[in-house]
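According to TrEMBL, the protein has these features:
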- A:8-101: domain 'Pseudouridine synthase I TruA alpha/beta' (DOMAIN)
- A:Asp52: active site, nucleophile (ACT_SITE)
- A:Tyr110: substrate binding site (BINDING)
- A:146-255: domain 'Pseudouridine synthase I TruA alpha/beta' (DOMAIN)
Protein chains: 2
Amino acid sequence: MRNLFMKVTYDGTNYDGFQTQPGGNTVQDMLERAITHLTGEVVKIIASGRTDAGVHAYGQPFNFETTSLIPLERWCLALNARLPEDIVVTEAHEVPLTFHSRRGAKRKTYRYTINGNRFPDPFQRRYQFHHPVALDVKAMEQGLKPLIGTYDFTSFASRKSTKASHVRTIYEAHMEIDRSMCRPDSTDQGVIHTYITGSGFLQHMVRIIMGTLIQVGEGKRRPEQIADILAACDRAAAGPTAVAKGLALWNVSYEDAGN
Amino acid sequence: MRNLFMKVTYDGTNYDGFQTQPGGNTVQDMLERAITHLTGEVVKIIASGRTDAGVHAYGQPFNFETTSLIPLERWCLALNARLPEDIVVTEAHEVPLTFHSRRGAKRKTYRYTINGNRFPDPFQRRYQFHHPVALDVKAMEQGLKPLIGTYDFTSFASRKSTKASHVRTIYEAHMEIDRSMCRPDSTDQGVIHTYITGSGFLQHMVRIIMGTLIQVGEGKRRPEQIADILAACDRAAAGPTAVAKGLALWNVSYEDAGN
């Protein structure tokens, strides 16, 4: 028996999230079908975590056990030939049988993308939240800071969360502005990417953080209020859940893998 | 009567090209319907030129006459509200009644995009030609040079071209490599953009140039052969027509507008 560890990039627009659901239209279902088609084995893959409907991933790790003897270097091309074009496997490694993509995950980075330019970008329309009204990005950056550390993130978790503990650690968070698509002589703000790295995230956590920070950017809340919202441990204290399409699982790193 | 000049960005994936066709599924049809819906007037727009099915545009200029008194600053938002989300009007100006988007166009720039990384990018899959096998980009750049100047481009024109003259001028051409999406420790080549600026282009001209240059990059032709292909004035001398989805009309400039 081999334990194979892979990374998959997907455009989540057309799927009901990562994790298997009865309808079968999930990224996990597509991956498992492709593996079965290739190997003849029925497999259950383990991912680093789920992503919601419409959320994307640049590097979602997963692993599964197989008796297949297909050489490592063949797996990506063989699976991609059996996957729809919005799901692409980009890495395949053999790992110890004890390796578990979810339990082994040490740091996860999500990226949330806001198009702050006056007009939507038709080429990026599925991957950006368009917010043409000027945002105070400095205030948003200030609002990110109180979230760095180990806290109970109940205020920033879906009320449907069933986790026993809402304590999580955010290691790092920052914003980057890409002005390459701004029209000259315009009031375009650029494309605003927010990167948040943590030990793990509660359901909707990044999207609720972003929905709240957008209110800060709009001047509806002050950045100093973020600490109070966190302390309240009450979902009602935070802002709305930002739309799914702006969110992407950017990277997951493992103690040993170092990536 | 006013003559309005606008620029439109579109994802051409879902359209039968720019110019009106009987089926009505063209970018021009969508624009004319939106204008009629807004103003009540039946209009015929004049664009800088047509683009083929599946080809995109970052800045396609067009103009039309209208008696509408809608202020200039309202037009973009009003039209975008009546357009599908893959077509976005980004500029509106009032120009002299004599201005004509096609006749006035002085320089057109097209961009062709090749993803030279090992795996396709699911987020850019509609806007890139994926060519995972290593390309000799230096040889391709060398092959671009003999095309700069004023020549009869019959070798690089569709056999269906009905133009009286195939003489065109290419002012400038260069390639840029974007390595931002390359995976570390991979043999990824990056995303290769080719920009070609000319007085005007014959049907399929940029795509045939690119199909031929890709053969140069693959080592199937030497860059020195490009001059011979040009001199042959024979479509059969050149390479295949590269796929439409990698091509985008990047910019069109006018004598006076200077953009």
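Backbone N, Cα and C define each Cβ position, glycine as well.
It is 13 Å from the Cα atom of the residue listed as 'substrate binding site' to that of the residue listed as 'active site, nucleophile'.
Confidence in the domain 'Pseudouridine synthase I TruA alpha/beta' (A:146-255), given as mean pLDDT, stands at 96. For the residue listed as 'substrate binding site', the Cβ neighbour count at a 10 Å cut-off comes to 25, with all displayed protein chains included.
Under 8 Å, Cβ to Cβ, and six or more positions away along its own chain, the residue listed as 'active site, nucleophile' finds A:Gly17, A:Gln203, A:His204, A:Arg207, A:Ala244, A:Leu247. According to DSSP, the secondary structure content of the domain 'Pseudouridine synthase I TruA alpha/beta' (A:146-255) in residues is 32 helix, 32 strand, 46 coil.
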